[in-house]
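Remarks on the structure that follows.
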Amino acid sequence: MIKIGAHMPISKGFDRVPQDTVNIGGNSFQIFPHNARSWSAKLPSDEAATKFKREMKKHGIDWENAFCHSGYLINLASPKDDIWQKSVELLKKEVEICRKLGIRYLNIHPGSHLGTGEEEGIDRIVRGLNEVLNNTEGVVILLENVSQKGGNIGYKLEQLKKIRDLVDQRDRVAITYDTCHGFDSGYDITKKEGVEALLNEIESLFGLERLKMIHLNDSKYPLGAAKDRHERIGSGFIGEEGFAVFFSFKEIQEVPWILETPGGNEEHAEDIKKVFEIIEKFGIEVD
């Protein structure tokens, strides 16, 4: 069974997310644990957490298919001490929110070194992750591959491996693969050889069991453009045929697919339908 969903709004409460996920044709989801554009975050009440867990059970959503995504302001690679410290403290709070809700996975962008260099940036990320992981429990941090722009760290999977290898609690660090970001950074998933190379790289660097989520996004720009502009499924440069190649791999089918395509719930429902149309159109076998 394909595990698919989208990044869902929490404006009406965490407990609305499971129902809204089912309404768009999904069985998986990603949410922000708080207002993503704020340094402020608070734990949900006991009542809110209980209602959320009840709705998860009611709608049959597996906890392995539920994810949080860290806020936009966090930058563990920042050379600015105040931003780095605020990022660490907010990430700790996000981990606590995930634990309260029962969500096991928290996705983060590693961060931007802001021109100070990859090595220094990775050192700061590792120090930040150690501070977070050594003072929290349970939640697994997912390092997401990012676009090659603005001093970003993580546009190559080797950079994510460097980070994971250096943290104290490697068992609490896994990865997310974003199809737009990867395409933007030169990973061509529109060809069978490209997907095979990607899977081989993930296996050799992390082990495929460490790939916990796929951010399923088309790209507004061509391969290697380094623009980081998501597009709706089938409407960008990856396209229907490209996604058909990607979807045909069993290793890809085993991982939850989360849409971060333009639009809201209505558009995401259409994109989920498009995914299954591609699977049917190209005769892709699905377990």
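A Cβ is built for glycine as well, from the same backbone N, Cα and C atoms used for every other residue.
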Checklist entry - Which one, D171, D178, D184, D188, is listed by Swiss-Prot in the same Zn(2+) 2 site as E144, H215, E260? => result D178
Checklist entry - Of the candidates H181, H268, which does Swiss-Prot annotate as part of the Zn(2+) 3 site that also includes D228, H230? => result H181
Checklist entry - Want to know which binding-site residues, from H69, H109, H215, E260, are within 10 Å of H181 (Zn(2+) 3 binding site) at Cα; which are they? => result H215
Checklist outcome for this item: Candidates D228, H230, E260 (binding-site residues); nearest Cα to H69 (Zn(2+) 1 binding site) turns out to be E260
Next on the checklist: Using the Cβ center of H181, D228, H230 as the Zn(2+) 3 site position, which other residues in that chain lie within 8 Å, going by their Cβ?
Outcome noted: V146, S147, D178, C180, D184, N217, S219, K227, R229
Checklist entry - For Zn(2+) 1, what surrounds H69, H109, E144 with a Cβ no more than 8 Å from their Cβ centroid? => result S70, N107, I108, L142, V146, T176, D178, H215
Checklist entry - Relative to the Cα of E144 (Zn(2+) 1 binding site), which of the binding-site residues D228, H230, E260 have a Cα no more than 10 Å away? => result none
Checklist outcome for this item: Quick note, H215 (Zn(2+) 2 binding site): same-chain residues at least 6 apart with CB under 8 Å of its CB -> E144, T176, Y177, D178, T179, C180, H181, I258, L259, E260
